[in-house]
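Before any comments, here is the structure.
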Amino acid sequence: MAFANFRRILRLSTFEKRKSREYEHVRRDLDPNEVWEIVGELGDGAFGKVYKAKNKETGALAAAKVIETNSEEELEDYIVEIEILATCDHPYIVKLLGAYYYDGKLWIMIEFCPGGAVDAIMLELDRGLTEPQIQVVCRQMLEALTFLHGKKIIHRDLKAGNVLMTLEGDIRLADFGVSAKNLKTLQKRDSFIGTPYWMAPEVVMCETMKDTPYDYKADIWSLGITLIEMAQIEPPHHELNPMRVLLKIAKSDPPTLLSPSKWSAEFRDFLKTALDKNPETRPSAAQLLEHPFVSSVTSNKALRELVAEAKAEVMEEIEDGRDEGDEEDAVEAASPLENHTRDSSEVSQLSIDADKLLKESPFTPPPPSQPQDGANGPSEPPGHGALPATSPLDVAPGNENGQAVPVPLRKFRPVSMGARIQVSEEKQAADQGGDLSPAASRSQKASQSRPNSSALETLRSELTNGSLELPTPGAQSLSKRDSDCGSVSTSGSTDFGTSLSADMSVNKESGSLSIKDSRLHNKTLKRTRKFVVDGVEVSITTSKIISEDEKKDEEMRFLRRQELRELRLLQKEEHRNQTQLSSKHELQLEQMHKRFEQEINAKKKFFDIELENLERQQKQQVEKMEQDHAVRRREEAKRIRLEQERDYAKFQEQLKLMKKEVKNEVEKLPRQQRKESMKQKMEEHTQKKQLLDRDFLAKQKEDLELAMKRITADNRREICDKERECLTRKQELLRDREAALWEMEEHHLQERHQLVKQQLKDQYFLQRHELLRKHEKEREQMQRYNQRMIEQLKVRQQQEKARLPKIQRSEGKTRMAMYKKSLHINGGGSAAEQREKIKQFSQQEEKRQKAERLQQQQKHENQMRDMLAQCESNMSELQQLQNEKCHLLIEHETQKLKALDESHNQNLKEWRDKLRPRKKALEEDLNQKKREQEMFFKMNEESECANPTSPNKVTKFFPYSSADAA
């Protein structure tokens, strides 16, 4: 069910099959086999094999990384690395010679560095770097980091395994497989990526918390850890497993050198400055270049000497260290191995993906010595071999006079593995048993670049006198950390204790261990290196006591490398899933914002259309009203004119009657008066007629004007009412529009919050899923580790059990011979008595041997019980750490969800608070428009009253002609 949910989270509804993209620095149309010739295999990385290739035209060498890529998505995982390599042209950064994608395989051609990686050189020489060598490496790394950080690139996986060497004594910073290329200078990252031992504290915190991202200052911390690694072969806390080392980095103080007195004050101060847990106060690479530790570096001679020594001709021979008097052991003569020249470039040449290479390792493990029948117990367990010894140098003539040039004794910092002890002058140190203290053991670790002779003499005397104590098994590391651990979020190195060595006896009262004589089972490997530095031929001879533990150490490193590859694959898949999920979330947000914008635009468009329709309807209605008004005025004017014409005709008839009456009155007068009276009366009638006619026409004109004004006023009132009605409807529409937009905004806020909340849940679901997968892989690796420990213990116990009868027979013969000799010397008693005494002694020996066998059986049972308890404790501790991490992730998810809800509620409250003034401003604007409309209507009415010649006057409709006037 969880896996189905996980697939659902990563599935996009709009995903289609991706088309092939064209990348600037990747060629798709060319078969790399036509350009490059494979001349050898360098190794097998986590994602593909690495070959040594030669350009067919120029003859240039390259390291070719060939990766199977089945899809465009997988190809995109490596594009960042290719782009970074292609854009970084710097003398201390490895160069990209080409990239090809052909026939489902990605070929990345990288500059070939013959010197190999620094960690491989340290393994080859069995010592760390000297301070002058560290200074040069540090200086060149800082210059490379300054260049990278200036291009907004974070390396994120700095360590000795990713620092390659050239024959000229320069470094090449490599492995950009987990690097980040930012778009902005101040951009930060929150990916939990890199190798645990070199991780900065702020990067460690990103495993479960993404709230504290990191920037390029994380590389400065990794640089400081890398310098400690170069000084001590191993990084700090290498004895811890990755789960615990992450907690150690996050909670403990910054690491320091194990033996500060062996190093200069400038080096210690540089480490203190670089290893600042606060990234804000941690200096940049450019600032560190001004530090006295590196500012005085002017030459790379120290690195040229280092590369020459690592690539020197090596003569190896094995000297048998067993007792010559061992009757049951065959004497093996020391046989010199064939001369060979080591090519350290064939080891860890390419640090891409940080998986160091297996097939051409610069450190060829010597053949393990077979377990021999010894008198003092079985062979040593893994991790308890002997340390190399140093011998004086052979100096060849190298000056102009042909005289021998005195060369000082080269000091070594050998690797300490368990109970290996550093000695000098090719002498084996463990002559007699003794107790070794943890402090003494730590003092002999490979952290001292220049051990003095007095310390060696003191150690030799302690071994001889049996006063040196061994560490307890629970505190002893099983094997060296694999320096080729690669770029993974976790590592397979462990800190769980090993069982007791078979070459050590247990003091059950004190609980201490004592070394038994292991010379019967160990051999001495002597190496002689010859190389030339500045015309001086130097010969260095080193000796190291070896045993079968060497092979077991190699097996342990190989198994750890396999485990780290598994974790690296998990991390790569996790990064791909995170990228897909982030892309999905970005697409969802983008689609949601587009949909929001479309919805808002659609809503605005709807209301805009409604407003437009309303305004158009209003305009049409007003135009129709005006047309109706004009028609009405014409009809009303026509009707009134007709009525006035009829009235005027009647008025004329009345005037005619009045004229007749005047005539009738005149005719009634005497004849002599008629003419004069008629003339007078007719003049009076004519004047009266004119006056009445003028008054009548004026009255008609006034009535017409009043009628027209009344009609115009009615029309204006109707239009004003219609305008008010339309404005009201328009404002209601605006209110509805704003209310719909506000409701949509609130809905969008809610929807966006729900989407972001779901995306956050998906993000944490993916984190939990990946964390559980990682935990499952860690438990699987822990189970395999525990099973290996149990199997090794069983094999060791079987060897002890098989060896004990031989030892008892040898001891029995010796004791019997000594007893018989003592009886013969004493000469007491008869032959029968001597036979009886011998018989009794034989019976006592049988009882003693039986008791030894029972004691051994009990010891084995106790060892197995302790081992099972230790394995169970290991699993419990791992489970507890994993549970704490899961609980922390769930707790952080709860806090993030709570903070997200609180932020949403706050945003919603702020939005609602801002909504009130928006509503108020809208109402004020609408009221202002109403007032402006009323003011406009009022001003129009006043102008009508003040302007009698207004177009709306009656004269507009009825111009009077001369006929009308007549």
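Numbers here mean position along the shown chain, with the first residue as 1.
In case you wondered, yes, glycine gets a Cβ from its N, Cα and C as well.
Remember, predicted model here, so these are calculated numbers, not experimental data.
Residues 941-966 are the range that Swiss-Prot records as region 'Disordered', among 525-550, 707-732, 941-966. Each residue contributes its Cα atom, and for D157 (active site, proton acceptor) and G48 (ATP binding site) these two points are 19 Å apart. Here the recorded positions are D44, D157; the one with the fewest Cβ atoms within 10 Å of its Cβ is D44. Here the binding-site residues are L42, G48, V50, and the one whose Cβ sees the fewest other Cβ atoms within 10 Å is G48.
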